[in-house]
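Single-structure report; data block below.
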């Protein structure tokens, strides 16, 4: 294990920001700390960097305790949300900073700077002033600067959050590719699922200073350990269900959930895309009444009322995790999707079937 | 790439345990704070305390200190001091606001020139300003209250314009736009949105201006003649001419109390301002004036034009004699004045002496001021109360009678090894005392505005604490440090109160020489004094020009 975090607690006065967190990151692995803002994930990252002192617990690198190692001797790279480039140095001066601190001679610095700028897609930018760069370019330079001195561990604090959406998606793909190619060990902090799932080998979901679940992205996405994790990951409603032979059965219908799901009672988490209007040839499903219709980019989002929903024991999203999740919330209503071409109108009766891609399976 | 373990497990040589490291950083910080505070204690607190002590203990016959403090004469003195200071502060605020608006918000040509012209009066030696206004009020030889108020206001327009303009330039324009969109007139938007957000800067500026005006020495001495006296000139009069130490000490105490109150108010406003610093980039808030805003711009232009009147008047006066235009005053600077007024020292020698003394004072003020700024920028996290107290303490020399300080030096400095009273360093030390607060006020805001995460980024890239300071802090405050040095230099160059007390007769500075020249009769002396003032002004203008070029951020306060 490269990085090991054992029982780390960080307090600010009376406030416990991080509470007894255990975590490990393997050589070459990218781990994402995912959680809502204020959950303590950035504090944990800062503790690993050496910028905060843990009140309890220890942080080890290759087995060695880092408590006595100051920030500048840890050889961990850090990328902030907003770059924090040195405004008085040009692009090359920023990227070469860590190399200079480690006493790399000039020729070596120039070669490495060129190599890194090539890597982040900014070849030839050496003499540019950092204040003239766009937000995306600044972030690329910040990344090159952190990577230049071969950090043992790269720490990324919401590296893409300050960018606009299109740029963020593009840079996330580029960054994922870059981390894989260079085999960099990295710890990433983000509140954005897409960012975490694009970049990380494993995801650790954090809330209120504690780790709720650690696992591969698909696993965390499809099998949240608790309702809290499920809601943070976009589930707006949870219904009781039962699994048998890889098929889950609930009041809302049946769906395949994979052979690895253990038989027995369970709960089903519904994301905004969990229910869709059944096609012509499809059988089964439930009937519901359309309450509201909203056009989205790829599909039409419906708010539906399902008769007998309360009787089925559905707990729905009183604390929907974030704005990107569905609009369901009023008692007795659920989210559903319809194809753009044949979207029903409010008042229409529709037949809905479960879509396995919009489901998460929780323990009972 | 990052996994060649051999390189990574670097031996931990030279590594200090965390507790030890924290203590080391704490010690460095304590040192940075102790040096300026120590200087302040020895070269400010001690002399002032000694003078006050002498006054209070004095066994001479005469009215008691209490009787002095309660006498009608004292209170009419206090009344006049405060009254003229209030009037001058109001004047400076009224004249400074349009200029602040022009400098902060308007994309008009010659903005840089306006900034330069407005700054010039502030750094002019007080004696020069006094002389400039004397040329304008030539008829009233027995002193003029109007001249005193105008001169003090003239001095401080720059403080208002720069302090308020600095915050104004960083205030988000959109709040104002929102108010306008909600139906507020331009004026209404200004009074209900802009003015409240500028209040901290206005309060801070008003406190500083009030302080300068109520302790102004050279101006009142030159323009008040024998008739109008403030606490400051009265203290001077009692110590130097009447040898009434008890009276002087009592008045010093009174002044000290007023100064501390004004400083505390200013420091409070200042802290609020520094936290509100990172609002918008200045460039985003500048635009072409529209409609009624042109009226304000015209007003500002009028203020700047008025500021130029005394300056131009002085230059004209220095060149005109009863026989018409002449350089006789300038030529006379090569000699020592009519009837050897300067006692064998030529005006030129005094000028050279000024330059040298101011240089020494600047070096000292820079060392102390930068150290204090570093300490003040790092201390608040550890001990906010101490930082606050230190901030106020460092400003004190600005407000305490320079005369008291000067006289205090004479009675205490012989106790220092080698009889410091006769040391050529005495004058630079006194001047550094006055210049240091300006250095702090210029460098500290910039240091505080440096994002801590930049330092953290540098640390994660392998820079130790001192390397971080050298690589991040120093380059970013570099220009502010240069600007501070320039200001310190002109302030030292123009210092009159303490210097007139401490400069040895055979080594006067230029302002002291001017003071001597105008106190003796003789048309040539007068002409020579005006020429010397013009020379000082040119020197000051040159330094200010250099400072302006070095300046980037409008974060500093002066």
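Yeah, the Cβs are placed from backbone N, Cα and C, and that goes for glycine too.
Annotated domain 'ABC transmembrane type-1' per TrEMBL: B:78-264, B:351-547, in sequence order. Summarising the annotation, TrEMBL assigns transmembrane segment to B:24-55, B:75-101, B:113-133, B:145-164, B:248-270, B:291-316, B:361-380, B:392-413, B:425-447, B:480-503, B:528-547.
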Leading stretch by Cβ pairs under 8 Å, where the reference is the transmembrane segment (B:75-101) and the options are B:113-133, B:291-316, B:480-503: B:291-316
Stretch in B:113-133, B:361-380, B:392-413, B:425-447, B:480-503 most in contact with the transmembrane segment (B:528-547), if contact is a CB pair under 8 A: B:113-133
Cβ-Cβ under 8 Å with the transmembrane segment (B:392-413): same-chain residues at least 6 beyond its ends: 36-37, 40, 43-44, 46-51, 54, 208, 211-212, 215, 217, 231-232, 235-236, 239-240, 248, 252, 255-256, 259-260, 262-264, 266-267, 372, 376, 419-421, 423, 426, 430, 433-434, 436-437, 440, 495-502
CB contact flag for the transmembrane segment (B:361-380) and the transmembrane segment (B:24-55), at least three pairs under 8 A: yes
In contact by Cβ distance (the transmembrane segment (B:113-133), the transmembrane segment (B:291-316); 3 or more pairs under 8 Å): yes
Maximum Cβ pairs under 8 Å to the transmembrane segment (B:248-270) - stretch from the list B:24-55, B:113-133, B:425-447: B:24-55
